[in-house]
Each structure stands twice: as C-alpha cells, then as structure tokens.
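Contents: one structure, followed by commentary.
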Amino acid sequence: MIREKTNKISIIGAGFVGSTTAFALMQDGLASEIVIVDINKDKAHAEAMDLAQGAAFVKSVDIKSGDYADTKDSDIVIITAGVGPKPGETRLDIINKNLKIFKSIVPEVVKYSPNSILLVVSNPVDILTYITYKLSGFPKERVVGSGTVLDTSRLKYMLSEHFDIDARNVHTYIIGEHGDSEITAWSLTNIAGANVDEYCKTVCANCDGSFKKELPEKVKNAAYEIINSKGYTNYAVALAVTRIVEAILRDENAILTVSSLFEGQYGIDNVYLAMPTIVDRSGARQILDVPISNEEKENLIKSAEILKGHIANSELD
C-alpha cells in the first residue's frame, strides 16, 4: 500500500496570529501534523489542546505543542513570534526587539528542519525575512515573507465595496514594503479585463478617481485602526498565511505578493520586498518582472532604500 505523503507544519509563536493560523490551517485540511512552539509552553499547550479537541470536525490532523525538537522534519515552519506594534508604533519601530527573538529562533529551526521552507509573518516582515535569510543560510527560494498578500486582499475588498462587485473579480497588487512605504500598483489593476480607470467610467457617472487616493491610505492604516480598537490583528493575516501555505504544499505556481529577495529586478538588490511572485513547492520560485509605471518603479526603489537603511541600522551583525 502506497501511503500519501504527509505534510508537517510547525508554527513558532502561539500568540493571536500563530494560534489563529493553526486554526485556519486545520480548517483547510492542509497539514497532517501541526506543531505549536512558544516560549510560554503553557500557552502553546492550551492552544494545541483547544484545537485538537475539535478534531472530529475536520480532516485528520495531529495537533500538538512542543519544543524545537518536536518540529523535526517540518515541511514548512511559520514564524509568527515576536512583539507587535503598540498603539502609536509602526512596524519599523520594533525591528531590534524582534531581531533578538529571531536570533534565538532561526538556528533552532534550521537545526531540526534543514530542508524546510521558512515562512516569516512577524513584523516588520520584509526586514525579518531578510534577517531570517541571513541567519538560516537557506537558498532564497526557501525563505519567504508574507509580504503584502494581506494588503492586496484589503485593497481588493475595498475596491469590491467601492464598485459593488465580488472581491474575487478584482485583480490588483500592493507592492514593496508591508508598511507605510507600500505602493498600490494601479497600472496592474483591472476589473473584467479593463483597467480600473476605464472600468470606473463605465459603471460610475461621476468617476473622479478620488478612490485612487483614498483607498491606498485606508489599506495602510487598516492594521493600525484594528490594533487601536482591539489590540491586535489575527483573522485576515491567518487567512493570508494559509493561502501561501496552500500554494506551496499544492505546488500551485500561484502568483502572490509574497516578500522575496530582489537580485537586480527593477534595479533593486539584496533586500526583501513584496512583488508578484510565482509560489510553488520550492517556495518563492520567481519574482515576475511585470510592467509597472515609472512612478511606481521610483516608489518601489524608495521603499527598498527605506528598508535597507533600517537593516543597516539594526543589530543584525
């Protein structure tokens, strides 16, 4: 009897994002084994127990907590551990706090799962993904950040609300940093095959284009608005992470705006940024050299320089 290959996923961090991601993965039936690791072992144990007791309602999955040794031979290791921005802080304000945490996490993950794909979710995600790449010694394809997959979903949702259509029929991308310097790629935005400006003219008698100024700011501020009200974000980001995991494990060749290592694309080098990228079983297979506008390219380069500056001033070395 030939047994189907099992998929083992480990999640480092049992906070709001980590535990909700475990729930989303469990619901989606992507993994046969999920291991949750956290410095607070009681918290990790409780989250795993709570999830495991719903096993009768989902596809067969073994959910448990443990230490790094229990993550051995994981296919994907998702890193959600770290401190999040407090009200009034930006993602970039917490670099060195999370860098210290990552210096303790990444070597342990690499030790036990040297062939895994590392999926970084903790913020600032682009910088921490670059740091993970440097600390792990893994090939660039196997170190992936969640990038702007969530931001892109937020924009699709907002455009769908604006035009009163299904979000799945909106095609657009947020590129660059997952943060304040991110760029809305309006040049790549289309609905029903029509550029968003042309589509707007066909459905709106008074299309002044103001949404192109308003919605990007709403996307940038969405997380801060949620954090100010409930203290954290967890649901949408967990769904975004699950979508990335799905693309990897199912070898989809899906195009997602994950954070990938730039090596000369658009004149940018040696920094992780979000860009439409082919995601398959190898991880982030290829950044697509899509035709963005000159203004978008200039802003992408500025975004890269901002991140490089923060990396240079970090305590990486």
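Backbone N, Cα and C define each Cβ position, glycine as well.
Here Swiss-Prot flags Val17, Asp38, Lys43, Tyr68, Gly82, Val83, Ser104, Val121, Ser122, Asn123, Ser146 as NAD(+) binding site, drawing on sequence analysis. Listed in sequence order, the residues of the same chain lying 6 or more apart from Val17 (NAD(+) binding site) and placing their CB within less than 8 Å of its CB are Thr80, Val121, Tyr232, Thr233, Asn234, Val237, Ala238, Val241.
Counting only same-chain residues six or more apart in sequence, the Cβ atoms lying under 8 angstroms from the Cβ of Asp126 (substrate binding site) belong to Gly145, Gly147, Glu177, His178, Gly179, Ser259, Val271, Tyr272, Leu273, Ala274, Leu307. Summarising the annotation, Swiss-Prot assigns substrate binding site to Arg91, Asn123, Pro124, Val125, Asp126, Asp151, Thr152, Ser153, Arg154, Thr233.
All protein chains shown were included, and the count of other CB atoms within 10 Å of the CB of His171 (beta-D-fructose 1,6-bisphosphate binding site) stands at 15. The beta-D-fructose 1,6-bisphosphate binding site annotation in Swiss-Prot covers Lys156, His171 and is backed by sequence analysis.
Annotation comment: Swiss-Prot describes His178 as active site, proton acceptor. DSSP gives His178 (active site, proton acceptor) a coil state; it is part of no helix or strand.
Counting every protein chain shown, the Cβ of Tyr224 (phosphotyrosine) has 17 other Cβ atoms within 10 Å. Reduced to three states, the DSSP call for Tyr224 (phosphotyrosine) is helix. The phosphotyrosine feature in Swiss-Prot is assigned to Tyr224.
Secondary structure from DSSP puts His171 (beta-D-fructose 1,6-bisphosphate binding site) in a beta strand. Ser146 (NAD(+) binding site) and Pro124 (substrate binding site) are 10 Å apart (CA-CA, integer value).
Of all the Cβ atoms in the protein chains shown, 21 others lie within 10 Å of the Cβ of Lys156 (beta-D-fructose 1,6-bisphosphate binding site). In three-state terms derived from DSSP, Thr152 (substrate binding site) belongs to a helical segment. The Cβ of Arg154 (substrate binding site) has Ile174, Lys218, Val219, Ala222, Ala236 as same-chain neighbours under 8 Å, each 6 or more residues away in sequence.
If you take the Cα of Gly82 (NAD(+) binding site) and the Cα of Tyr224 (phosphotyrosine), they are about 17 angstrom apart, rounded to a whole number. The C-beta environment of Ser146 (NAD(+) binding site), restricted to residues of the same chain at least 6 apart in sequence and closer than 8 Å, consists of Leu119, Val120, Val121, Val125, His178, Val237, Ala240, Val241, Ile244, Val258, Ser259.
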